[in-house]
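J.: Quick paste of what TrEMBL says about this protein:
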{"type": "TRANSMEM", "residues": "7-28", "note": "transmembrane segment"}
{"type": "TRANSMEM", "residues": "34-58", "note": "transmembrane segment"}
{"type": "TRANSMEM", "residues": "70-91", "note": "transmembrane segment"}
{"type": "TRANSMEM", "residues": "120-137", "note": "transmembrane segment"}
{"type": "TRANSMEM", "residues": "144-162", "note": "transmembrane segment"}
{"type": "TRANSMEM", "residues": "168-190", "note": "transmembrane segment"}
Amino acid sequence: MKMVRIVIALTPYGVMALMTTVFSSYHFEQFASLLGFIGACYIAIFMMFIVHAILLILSGNNPARYFRMVWPVLTFAFVSRSSAASIPLAISAQEKFGVQSTIANISASFGSSMGQNGCAGIYPAIMVAMIAPTIGIDPLSLHFLAAMLPAIALGSIGVAGVGGGGTFAALIVLSTLNFPVALVGIFIAIEPIVDMARTALNVNGSMMSGVLANRILNNHTADDMPAVIDRP
């Protein structure tokens, strides 16, 4: 835990360096034509964060306190684009919020490769919705949705918690639906821009799983454990 606290303390400096590297490596022209796709992804991710906040409220937790505690973790996940690298920070943040150590470890570990809200959920769905009309398929038809949703659910199992994992999840979904997988190449140029927000959502989803599971199993919130919350 001492090493984790050192990492958290140094996170702002690492974040600055990583953000400089990311934005200096790509030109605006590379993703200008796909701004609509980028915007749709970020809007969907923002809406999912709102869903997470609602779940916190319904479970008796304080969303403001929660997001204040996990903000360093989300920032690190955003710029590192790696759910796996964020595991130690996610575990520490959950424990500060009052989640038992066992639950925090399980949720952070499994959440880095299973059930990722961003990479394996939102990203493939938006990509499929954009590609479907180009091959004559209505993405809003019930028949298509009935086929797409199970494909996305199955594709969310075993996605690597590293940068670019969403592309592999999209390939699985597209091949399952018999869509042309070559079209994924169109989105490669803007992959890092979208992947940053996707990873932050993935990590938040894993921490949310721990918080909600802890609430269900122990029937208490962080507000009931001030000693744990205020631990240095």
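Using N, Cα and C of the backbone, Cβ positions are placed for all residues, glycine too.
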J.: Counting a contact as 3 or more Cβ pairs under 8 Å, with residues at least 6 apart in sequence, do the transmembrane segment (168-190) and the transmembrane segment (70-91) touch?
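T.: Between the transmembrane segment (70-91) and the transmembrane segment (168-190), which are separate recorded stretches, there is no contact, as judged by 3 or more close Cβ pairs.
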J.: With Cβ-Cβ distances below 8 Å as the criterion, list the same-chain residues six or more beyond the ends of the transmembrane segment (120-137) that contact it, or say none.
T.: 37, 40-41, 44-45, 48, 144, 148, 152, 155-156, 159, 165-166, 169-170, 172-174, 177, 179-180, 183-184, 187, 194, 198, 201
